[in-house]
């Protein structure tokens, strides 16, 4: 095996020369594993001397016997009382334990702060005091791209709100050289104190400042251009020309959520909005950009110049942005339908601009025009720049007037980018343009309401793309990418509420996840569906106008929506919104038909949890639930409500029906569990005429069923019977297919080491055969059909459907000689098949294409294909590439290793490689981004044995994960769920497959 006997090549030494303790065994005693990685129990207890003796009297024995019996009886009564009390009170405290794990509370931090910052530091809290607020920053910044040094001067105008003797602000990795504090023309003497633990500087005076006093704090400081994708950091670009491998270095910013403090001393919280006057010193050959337009450039000294930019609008520090660029060029366009023409610029490295900028620039302009009209509020800036970067941790960042993108999220080439890439670029552009109003114009008061920024932007991006490209039908994609994705994470105790309390930067970083983004968007979709499109938009416009250039909380929005909408006699908008955003998880609603099918019985609700061990029989979580339904006899939507605490709610249906969809169009954020006979009715309906149930409803029923199979609420037989209807090849909608294909792939991962794998793959091929033949290999005309064809052909080839494998290899060889001979949408799996079944020379050919590809999405596709090789030497080489940031960028490393883990031949060596090189990988990220957590999750989430789980726990027990901890916790729960799935479903699935195989015994694949 590769894991134990690696090929004797130089690559092996590179990968495994720096071993870590415990890497081979998991790193610790599983039985004594704790969060700190220390054994439980004292040494004294373990080494206690043993004595022996003989009983000296019956009375003593009798006394001891009676005492023991009384003790045991008391213990039993105590346990009963504890369990009874615990059962009654567990839900009262559950919200705290279910929500994001706050590793250090405010109270516990105070002791730590006192210890690290000393008694003299005047402030003992993570949040800044509100006694002093900034109104203006005048920043002069000199980033030296050659030495990576920062020299800066910032002049901050301050207003005293409450009497205070000190000013506290943020600064991280900065050195203060000089400072002055003035009140008017008078200089004030102050002491400078530092608290590294909180990244805070304090300036303390002897005589307290009084309210309404105006101060000016001038700070000269030094810092560093970072390499960890945060603060002001290094962005490198290597020319893709085979003849010219020039590397250019630029410096760009990523400040959200708490990294502005790494470039300048500032009040780095979203509620401290201010105006920023920015000046940048640069070399003449460089280009500087900032939030606002350039006012003037003047000579500075030697070959340096100083650029002065217009003052910004009032905004928080995390939206401040600067860029000092080398080798970038731009394309430009003006908006046409906005109140005033807005200049929109797209910047990219000069060798990346040609042929790849048109679509992104056009879509950005159209998105800006769309949102100005939708919100009925003019875009307040004169320009907005869109900057394509090689090194960028996130997908994009909405900095006001200077939006930064990972290059693959902005650049699109019609001849080398897929339809999926085109859709992704459109969604990301619309997301960031939506932020210019939701987030920039009106900002959440604190990070606990991050979802007000991200949930709304996630929701609005789909409305925008649906308006710009209606033929794409992206509203269906919303269901997959938001609704289903977030419900998966939200089905565990490690989840957190949409609006959740966070304290320090690590906790803030950890909530940039599916709950804040996708669940937030799903709750907003539910509220819009309940309120109606027009009333909802009217409320949003009023909200934005009321709070423009200031901060707001979720409750501020609910109050305004409630002015325009009446939901139900006992339920208000605020009731719905607050419950669904402040309560962790989502409900499972049980329904059935009674009275001969003429009455819908909504039995009850309880919080849905995947893991049996996490459920409580007396759970008291309750939600106000909108039950929108259709039946086989009535296709128009009807509405009922399940109020909190209600049970056995009966809804008359005006006549007998055979089936009912109880969450039609997935309006509500919950799962529906039907009685057993209903699933048989669904299966019959899908086989007879699947179109009678809409595509989203079909996908929701199927997805819930697969999830209930995981949780143990449904048997494998019920679920498999539901999906066999696609064997006929008539299912033409992509959304149900995405649900089926993704779940089949997951099941295949779980049973990969069992004897039924071969039969299961035959079953998969039988589901695909007719739709594979119908779609074929010719390029479809529509966007939606191209996306479906890609999904079907990719899985057909992965399952080694003979014709698919043959066709893919033929096209791979055609592509090898003529890059334009194969249409781009099928290239990902064509090249993957070519690498999987090809020679080392084929791998080298793809590698050369990867190294010289100009288009970032094409480059990413080629990298993923390289991970398909089953050759041990090439697997080793791919892993070695992952440690070289000039070959595999840190921002794509999680996907690269995650795809490698899906390669059966590479999974074990990849897991070993990850453990051996964890410290090197961690150093790539510097501990300030969530990328490490994403990587860890991608490495372990498909593990499915107790042995795997023990290894994971032991490995991470002694490691400080900071912002990555939440994702590691999620991945561990996913491993537990995989173990549970195998325990519950392996035998029933095997029995079902044998019955199916008997029926299909004459069919060969």
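Heads up, the Cβ atoms here are built off N, Cα and C, so glycines get one too.
Bear in mind that the values here come from a model prediction, so they are computed numbers and not experimental data.
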TrEMBL Zn(2+) site partner of 431, 435, selected from 419, 423, 454: 454
Transmembrane segment range according to TrEMBL, out of 36-59, 60-83, 84-107: 60-83
Range among 24-54, 117-147 that TrEMBL annotates as region 'Disordered': 24-54
Long-range Cβ environment of residue 431 (Zn(2+) binding site), under 8 Å and at least 6 residues apart: 396, 457, 458, 460, 461
Lowest local Cβ density among 432, 454, which the record lists as recorded positions, within 10 Å: 454
Rounded Cα-Cα span from residue 517 (site 'Transition state stabilizer') to residue 435 (Zn(2+) binding site), Å: 13
Surrounding CB atoms that lie within 10 Å of the CB of residue 517 (site 'Transition state stabilizer'), all protein chains: 25
Zn(2+) site, defined by 431, 435, 454: further same-chain residues with Cβ within 8 Å of the Cβ centre: 398, 432, 434, 438, 439, 453, 456, 457, 458, 460, 461
Per DSSP, three-state class assigned to residue 431 (Zn(2+) binding site): helix
